[in-house]
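Feature list (source: Swiss-Prot):
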ACT_SITE  ASP154  active site, nucleophile
ACT_SITE  ASP221  active site, proton donor
BINDING   GLU199, TRP200, GLY201, ILE202, ASP203  substrate binding site
DISULFID  CYS123-CYS156  disulfide bond
CARBOHYD  ASN84  N-linked glycosylation site
CARBOHYD  ASN90  N-linked glycosylation site
CARBOHYD  ASN339  N-linked glycosylation site
CARBOHYD  ASN350  N-linked glycosylation site
CARBOHYD  ASN505  N-linked glycosylation site
CARBOHYD  ASN572  N-linked glycosylation site
SIGNAL    1-16  signal peptide
Amino acid sequence: MEFIVSLLLLSPALVAGSLHSRIDNGLARTPQMGWNSYNYYSCSPNEAIIRSNAKALVDLGLAELGYRYVTTDCGWSVADRLPNGTLTWNETLFPSGFPAMGEYLHELGLLFGVYGDSGTKLCGSPPDQVGSLYHEEQDAKTFAEWGADSLKYDNCYSDAATNYPNVNYEPSTSPRPRYEIMSSALARVGRPILFQICEWGIDFPALWAPALGNSWRIGNDIIPAWRSIFRTLNQAVPNTDFAGPGQWADLDMLYVGNGVFSLPEEQTHFSLWAILKSPLTIGAALKDDDTSISQASLEVLKQKDVIGFNQDALGVSASLKRRWSDEGYEVWSGPLSGNRTVVAVINWRNESRDLTLDLPDVGLQYAQVARNIWGKTVVRDVRTSYTAGVAGHGTILLELQGTLPSGLYPAKIFAKSTGQRSTFESIYAATTSANYELAITFSRPSTETVTITTSSGQTVSISGKSGRIALTAGSNTITIQHKTPIESIQITPPTGTYYANTVFNVTGSAKHTTCGSGCSPVGSKIGYLSPTSNAYTSISTTTAGSKYLAIDYINNEVAFSSSWGWGSNSRNLTVSVNDGAPVRLEVPLSGRHSELYSPGKGWWDTATLGVLTSGWKKGENKVVFGNEGGEDGFQTYAADFVGVRVLD
């Protein structure tokens, strides 16, 4: 399975984000944490609201956990500047003024966050509030003079060519130059100010924002609806490897505590934001004259293990490992310091059930300790798989310690030995194949011939230390007759055979397209797969059974305007074998270039996800890729199809 995990993680399009230049202002070495007024109070903050919620950060024990940046979002300013051109605050809403607000926050041991806009007006106008466009140098100095510690910088009223509309998701030019100007201005004020780029994911900012700011919003606003969690995670997929110390992909503010989500939904929301290393910005009313956060939601925000995953010194985001669209769950995972691993199994169905994590799906075979964070349980000696109950829309969040890489089976952990017979259990096979490579490590040098029997019914003799065996997709046992004691075995899955889209025939609207560049590894793809069209070919396999397919796809259907409704940043893709029931995969975004200005507009960027398919016969098999069910609430067209690797 190690090969498969590497295949999925090192897709040709997924080059390291660390290759790009990065700002180094000494801030946000771990993701910033704090509170922002927008999610609950919208653009109607006032001094009493900000002060009471800031005080609550301290009183509720949140500040000591790291929630320190307090930001007054839109609604604080006025339509005009002072006669000298300086920004000012709404004196009715903030009678003490912003410098006094900064002093108050600093006295509490908190940090003062201000909000501005790269356009002519702030978001939330009217009533009009002046923005920073063409006044960046002056405004940066003003923020510094007020004692600001961070600036959230928005993107409304910013496109000159279209007369500065409130929102333009397809601006005439990239937002980048406006953010470069403010970034440079902040660098010259002589005060460290954390810079939060908030241009809603336009022009794929992961390629340029890390050079300018400490975080960048990956997409449009989170909305008070459960579906926005799926939409946001789909947009996060191509962003995760750009994150690192000093620069973080911002999934937007938290809705935990606003009475929008159930408790399991809040746990899922908080867990995924944390392990993807998003800034953790509370968007709830913690305490004001009318409202206070519930104890249950407060406990979610204060969960120290989850905060620890977010603030981990290694600074590596979790990434999507595998998705089961028909079954309604998926797995995310990433490394932590101390050779630990964090894993999240999301239950997208709104029903309680047991879900199983196969450790090889996250590159592991064994964990000495598995800590279930929300389940508050600890399991030791986890071999190959872990099963737990999870609530509807909840998440199994695990910290794995003392792990071994996938494919490695030490005898003392996996084998039961009697005399010269050892039976290894919990042997994982991602696919049914007679081409698994078995390597034996003996306790001392040996050239003996051993006899191996697998649970698939195969018996083979191997001379030396390695040979091929047959395994069936799922859990297997291997019995070895031997004279020399065995220390461990190593099993490597088949590399399989790659079938490019060019060997597939197309029907209906589907058509082959040559890419100007990209579309790795073949330089072409099949697009326009409607619910009434498909791509088909015949593929020969050496064994019957279930086969693992690593599918190369492209999707850059970015949800901007549609994000307020049912936009999901996903596209449907189905595969069927020998006219069997199709397996559906709702793929996330793969685009890693600008959706507006790059030559391919992100539609040349390949990503890979795997599925297990049944119904394969020995010999020739009819394989069909399509968009079955695409008419039922999905995008008109399927994800573009580049090719597929069949592990046989």
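Each residue, glycine too, has its Cβ placed from N, Cα and C.
Since the structure is predicted, the reported quantities are computational estimates derived from the model, not experimental observations.
Sparsest Cβ environment among the glycosylation sites ASN84, ASN90, ASN339, ASN350, ASN505 (other Cβ atoms counted within 10 Å): ASN84. Take the mean position of the Cβ atoms of GLU199, TRP200, GLY201, ILE202, ASP203, the recorded substrate site; other residues of that chain with a Cβ within 8 Å of it are ASN155, TYR169, PRO175, PHE204, PRO205, ARG217, GLY219. Sequence-distant neighbours of CYS123 (disulfide bond) (same chain, 6+ apart, CB under 8 A from its CB) are CYS43, CYS74, ASP117, ASP154, ASN155, CYS156, TYR157, ASN166. Among the recorded positions TRP200, GLY201, ASP221, the residue whose Cα lies closest in space to that of ASN350 (N-linked glycosylation site) is ASP221. Long-range Cβ proximity for ASP203 (substrate binding site), meaning a same-chain Cβ under 8 A and a gap of 6 or more residues, is found for SER174, PRO175, ARG176, SER594, GLU595, LEU596, TYR597. For the recorded positions ASN84, TRP200, ILE202, a Cα-Cα cutoff of 10 angstroms around ASP221 (active site, proton donor) retains TRP200. Burial estimate for the recorded positions (ASP154, GLU199): highest at ASP154, by number of other CB atoms within 10 Å. In the structure as shown, the Cβ atom of ASN572 (N-linked glycosylation site) sits within 10 Å of 26 other Cβ atoms. If you measure from the Cα atom of ASN339 (N-linked glycosylation site) to that of ASN505 (N-linked glycosylation site), you get 47 Å. Reported as a whole number, the C-alpha separation between GLY201 (substrate binding site) and ASN90 (N-linked glycosylation site) equals 30 Å. The recorded positions recorded for this entry are TRP200, ASN505, ASN572, and the Cα of TRP200 lies nearest to that of ASN84 (N-linked glycosylation site).
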